[in-house]
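Chemist: The following block contains the structure, expressed as structure tokens.
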Amino acid sequence: MITSIELIEKFDLEIIAGNVAIEIPIINTNISRPGLEMAGFFSHYSSDRIQVLGTTEMSFFETLSKEDRRERMQKLCRKETPCIILTRDIEAPEELVDACNRKGTPLLSSSDVTTSLINKISSFLERELAPETSLHGVLVDVYGVGVLITGDSGVGKSETALELVKRGHRLVADDNVEIKEISRNVLMGKAPKLIEHLLEIRGLGIINVMTLFGAGSVLPEKRLMLNVNLEFWAKDKTYDRVGLVEETLTILDSKITKKTVPVRPGRNLAVIIEVAAMNYRLNKMGTNTAKDFNDRLNAQIKNQSLKEI
């Protein structure tokens, strides 16, 4: 739960009036600049949002009569309003201070310009209030691609991650990956504080990757881009050998590319995942080897058919 107290500490805000001890939860990531409300239109007032008053709003407020000022400020301050913030160190009018003290709404001040402050608070709230979940797997940064390695217990996820770290890539999380959906198709993953930088290897136990390999071998968080699912090789199952099959993994309301890699003795999984990450980047840059090969094959078959005719 995010409250006005956390905003005060995070953005160095000054308390002017109201009761900041009342922990009003911030549940809305949107921020309002109540321009229409200053003009007296409260029909669609989003009172559960943080209200930010800048030079424009306060300049209009100064043109109002004393009675209108008092009435607008009383309507602006609600018990569910997390806080009201004045930007550019604007001096708080006594009508606003009085209304905030009466209703207990925290009145805060910032030296930042209005747009800059709104952008910073918005980004902070979107990250903190984003939908979240956790998945069993290992998250590794491979050539700048966030690779989520999943699979049954004992398939070799942690051992593969260890080999990737040895090859210069960076560990984000092992065993339990906390995932937040920052926006549509943007998933950020990190490790729980308790197991940060730790890797469990059967037969060795728990090792500290940062202590063993240095600070460059770990990353606090990474965007999930590719899922490599390891599974024990099944003889009766047909695996994709060309690369035309497009699989996706759905996490919350977002989708990421998925590749299923069968595990059997003699397969170097770390190298396969490295190539999968590089191929993913290549696809994003517009080069799809599997599609190019398929197009050439179809063209050759077509030409051969025409010759036979």
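Yeah, the Cβs are placed from backbone N, Cα and C, and that goes for glycine too.
Whatever TrEMBL says is automated annotation, not expert-curated.
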Chemist: Of the ranges 46-51, 76-81, 262-267, 286-291, which one does TrEMBL flag as region 'Important for the catalytic mechanism of dephosphorylation'?
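Modeler: Checking TrEMBL against the ranges 46-51, 76-81, 262-267, 286-291, the region 'Important for the catalytic mechanism of dephosphorylation' one is 262-267.
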Chemist: Using a Cβ-Cβ cut-off of under 8 Å, list the residues of the same chain that are 6+ residues beyond the ends of the region 'Important for the catalytic mechanism of dephosphorylation' (262-267) and lie near it.
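Modeler: Same-chain contacts beyond the flanks: 151, 155-156, 230-234, 237, 239.
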Chemist: Which of the listed binding-site residues (Ser153, Ser158) has the least company, meaning the fewest other Cβ atoms within 10 Å of its Cβ?
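Modeler: Least crowded of the binding-site residues Ser153, Ser158, by Cβ count within 10 Å, is Ser153.
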Chemist: Would you identify the secondary structure of Glu200 (Mg(2+) binding site) according to DSSP, in three states?
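Modeler: DSSP call for Glu200 (Mg(2+) binding site): strand.
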Chemist: At the Cα level, what's the spacing in Å between Ser153 (ATP binding site) and His136 (active site), rounded?
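Modeler: Checking the Cα atoms of Ser153 (ATP binding site) and His136 (active site) gives a distance of 9 Å.
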Chemist: Mind checking how the region 'Important for the catalytic mechanism of dephosphorylation' (262-267) divides into helix, strand and coil residues in DSSP?
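Modeler: Secondary-structure composition of the region 'Important for the catalytic mechanism of dephosphorylation' (262-267): 0 helix, 2 strand, 4 coil.
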Chemist: Which recorded positions (Gly156, Asp175, Glu200) fall within 10 Å of His136 (active site) by Cα distance?
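Modeler: Among Gly156, Asp175, Glu200, the ones whose Cα sits within 10 Å of that of His136 (active site) are Asp175.
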Chemist: Note down the number of other Cβ atoms within 10 Å of the Cβ of Arg241 (active site), including every protein chain shown.
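Modeler: Other Cβ atoms found within 10 Å: 8.
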